[in-house]
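According to Swiss-Prot:
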type	residues	note
TOPO_DOM	1-6	topological domain 'Cytoplasmic'
TRANSMEM	7-27	transmembrane segment
TRANSMEM	31-51	transmembrane segment
TOPO_DOM	52-65	topological domain 'Cytoplasmic'
TRANSMEM	66-86	transmembrane segment
TOPO_DOM	87-98	topological domain 'Extracellular'
TRANSMEM	99-119	transmembrane segment
TOPO_DOM	120-124	topological domain 'Cytoplasmic'
TRANSMEM	125-145	transmembrane segment
TOPO_DOM	146-167	topological domain 'Extracellular'
TRANSMEM	168-188	transmembrane segment
TOPO_DOM	189-195	topological domain 'Cytoplasmic'
TRANSMEM	196-216	transmembrane segment
TRANSMEM	219-239	transmembrane segment
TRANSMEM	242-262	transmembrane segment
TOPO_DOM	263-281	topological domain 'Extracellular'
TRANSMEM	282-302	transmembrane segment
TOPO_DOM	303-310	topological domain 'Cytoplasmic'
TRANSMEM	311-331	transmembrane segment
TOPO_DOM	332-372	topological domain 'Extracellular'
TRANSMEM	373-393	transmembrane segment
TOPO_DOM	394-403	topological domain 'Cytoplasmic'
């Protein structure tokens, strides 16, 4: 108990550091996620006895890393669905659907195939890594867009793509990390089984989210009590996730669909303006803490990454992911006439990898063959994405004249 108390105090200290970094980043009008990663890198590279146990607990504890998925994902995804008005999403449906569905599959196939042949990774490892790299994280991008006054269209596209491709990427991640080798041995029958499993995950998760989203939308019609309605939203997010996972479908897709129903239909029939404001404020605060811990953890993980002798494969992985993203964007949106070449370029470079990729990588079982390789490449690409792409995004937007 005494040891847990010490670790808790140290994690609290890390949270205090995180919140302080966020406050300073906001004063400087810089993306707080990038600032957190940079501070995490500094903390990870220096040995400070006062937070050493907390660093070890965050980066090596199986319990903590399992908690990341079951606790943080419903929070991050649920909050995002509440923030994106459905009519905004519908107005950009062609671009969002092209990126989220065509783009995610193309990205996964390109990255997985290249990683297998060029990086000489085992098949399951290559496509597990590819699934992780197919999920985008718009947090840093949206904060930059907001600070510069980039048109709402681009924010809607980036956030809409992320919400849908996160669900697809998680399903692909599960198939690649658990079932891929078995299906490969089955030949064409395995391909059919893989497609069936994907549809089961996706459709089953969507149905769970639809039912629970509708149910809680009806429930909040009865009450005009925002603390209670906040509690109902939490029950929806976590309930959707765990019920879907219990029935071996996609918890991520369940949260996204349930959140959209609740945030759009539920808000129209059962939320006062005050309630909607307070629900958004509550989840803003919770999401800030969750993201702070995840992005700080990305930086802290540097002490567990063996860079020596791996620079070649790391650079190769970064290039493969960048090329895979480019192919995915142009194939996924090539038929969308409303999208300009400048907008495609911004979408391409703004497809950062972040918290979901990290959370999924850490959730891999310790006995997964190639876990260390996946962690090495995932954290390396995420660091490059957040720091290099993130810090060059603002100059790119100005260069393209999109403000």
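Placement of Cβ uses the backbone N, Cα and C atoms for every residue, glycine included.
Between the transmembrane segment (66-86) and the stretches 99-119, 125-145, 196-216, 242-262, it is 242-262 that has the most C-beta pairs under 8 angstroms. Away from its own ends, the transmembrane segment (196-216) comes close to residues 167-168, 171-172, 174-175, 179, 232-233, 235-236, 239-240, 243-244, 247-262, 265-266 of its chain (Cβ-Cβ under 8 Å, at least six residues beyond either end). Highest Cβ contact count with the transmembrane segment (311-331) among the listed stretches 31-51, 99-119, 219-239, 282-302, 373-393 falls to 99-119 (criterion: pairs under 8 Å).
Across 31-51, 219-239, 373-393, the stretch most heavily in contact with the transmembrane segment (282-302), judged by Cβ pairs under 8 Å, is 31-51. Counted with DSSP, the topological domain 'Extracellular' (87-98) comes out as 11 helix, 0 strand, 1 coil.
Long-range neighbours of the topological domain 'Cytoplasmic' (394-403) within the same chain, counting only residues 6 or more positions beyond its ends whose Cβ lies under 8 Å from a Cβ of the stretch, are 144-145, 148-151, 154, 342-343, 345-346, 349. The average pLDDT for the topological domain 'Extracellular' (87-98) in the predicted structure is 88. Segment contact holds for the transmembrane segment (99-119) and the transmembrane segment (125-145), given three or more CB pairs below 8 angstroms at sequence separation of 6 or more. Counting residues of the topological domain 'Cytoplasmic' (303-310) by DSSP class, helix then strand then coil, yields 2 helix, 0 strand, 6 coil. Through the fold, the transmembrane segment (373-393) approaches residues 31, 33-34, 37-38, 41, 121, 125, 128-129, 132-133, 140-141, 144, 295, 298-299, 301-302, 304-306, 310, 313-314, 317-318, 321, 349-350, 352-354, 357-358, 361-362, 364 of its own chain, all at least 6 residues removed from its boundaries and within a Cβ separation under 8 Å. Below 8 angstroms of C-beta separation, residues 152-153, 156-157, 160-161, 164, 332-333, 335-336, 338-339 of the same chain, each at least six residues beyond the ends of the topological domain 'Extracellular' (87-98), sit close to that stretch.
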